[in-house]
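Peer 1: One structure, as structure tokens, below. Some questions next.
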Amino acid sequence: MSCPYASNGNEHDDGAIPLSNEVGKIYGEYLMLDKLLDAQCMLSMEDKRPVHDEHLFIITHQAYELWFKQIIFEFDSIRDMLDAEVIDETKTLEIVKRLNRVVLILKLLVDQVPILETMTPLDFMDFRKYLAPASGFQSLQFRLIENKLGVLTEQRVKYNQKYTDVFGNDKKALHAIRDSEDSPSLLTLVQRWLERTPGLEEDGFNFWAKFQQSVDQFLAAQVQSAMLEPVERAKNYRLMDIEKRREVYRSIFDPAVHDALVKRGDRRFSHRALQGAIMITFYRDEPRFSQPHQLLTLLMDIDSLITKWRYNHVIMVQRMIGSQQLGTGGSSGYQYLRSTLSDRYKVFLDLFNLSTFLIPREAIPPLDETIRRKLIHKSV
């Protein structure tokens, strides 16, 4: 195979130096294609009853695992960059670039599911017996992705056993799992980063106090407007709706209420990190907050795409084996997979819910000159 980027396009150039071991590794050697392309062992073939679609099944899942490896590689580098007291603008730009790369990979993985769906349930049944006790639940790399992202052990849906039990006595796998659980996750590091958002300082701009004041004024104006409603029933409905909104805001302004929601699993961020996320959302048009806002958006994209991938997987499993059969690894199959679509598996849940706490643009506290100067010279 010729590479158009490594030649002038003339494959018969007499002056060209032939590729050899003296020049360096050739394409196949560099990519170790002899190992990669020889790693498809069809069990149906070994049983002398070859099933054509088993090859597709193997290739698709191997492709998933290769992309999982790249996602882990990107996550590890991003975690290293975030694990610092100060993150300058250059690093933030690189983090955004690598998160965007993960987003594009996940889009590719979501689009890969329909290829597997070209196989009919009957085709799958022809070789499904060879898969047991293998199961997608045993994908070590996907578990590492979840842990490095920030899926908490206590948030996981259990099916008859702890999620690590499927790795048995595989010391290498168990060590990798423990290391991913003990190391700071992307969620933890993003939380620390948000807690340092400039403008949260009580002896400085004190965004949180100004935001509370703006919310109080906004709700007071809403009450005043509702009181002018001529129809009593409509007025009472509007006042009731305003009180509900007041309770929603109370859940972020009262630290005790927020901490209770975190303990219950309904929120992920610390109280101060949530403040930072809200501030970045409000002032995303400010140059200093532009990249941080992109970063938060990409984290939501990653969560969304993983959920989409899970959903596509659930639908495919239901099409292939129905909703009553057990999975090949002994899990509850469709029922278990469907349970992973809940918010408990959404790592950056708080970012999705930020829109709940928005106020009209004109009510957002204006930045004063002091904080503007600070944002010019301070990295987030």
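For all residues, glycine too, the Cβ spot is worked out from N, Cα and C.
Bear in mind that the values here come from a model prediction, so they are computed numbers and not experimental data.
Pulled the feature table from Swiss-Prot, pasting it below:
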type    : residues                                          : note
BINDING : Phe57, Ile58, Ile59, Thr60, His61, Arg128, Thr328 : substrate binding site
BINDING : His313                                            : heme binding site
Peer 1: How many Å lie between the Cα of His313 (heme binding site) and the Cα of His61 (substrate binding site)?
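Peer 2: Here the two Cα atoms are 12 Å apart.
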Peer 1: Enter the number of other CB atoms within 10 angstroms of the CB of Ile59 (substrate binding site).
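Peer 2: The answer is 14.
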Peer 1: I want to check the contact list for Thr60 (substrate binding site): same chain, sequence separation of six or more, C-beta distance under 8 angstroms. What comes out?
Peer 2: Gln112, Ile115, Leu116
Peer 1: Sequence gap of 6 or more, Cβ distance under 8 Å: name the residues on the same chain that satisfy this around His61 (substrate binding site), in order along the sequence.
Peer 2: Gly136
Peer 1: I'd like the number of other C-beta atoms within 10 A of the C-beta of Phe57 (substrate binding site), please.
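Peer 2: I get 19 for this one.
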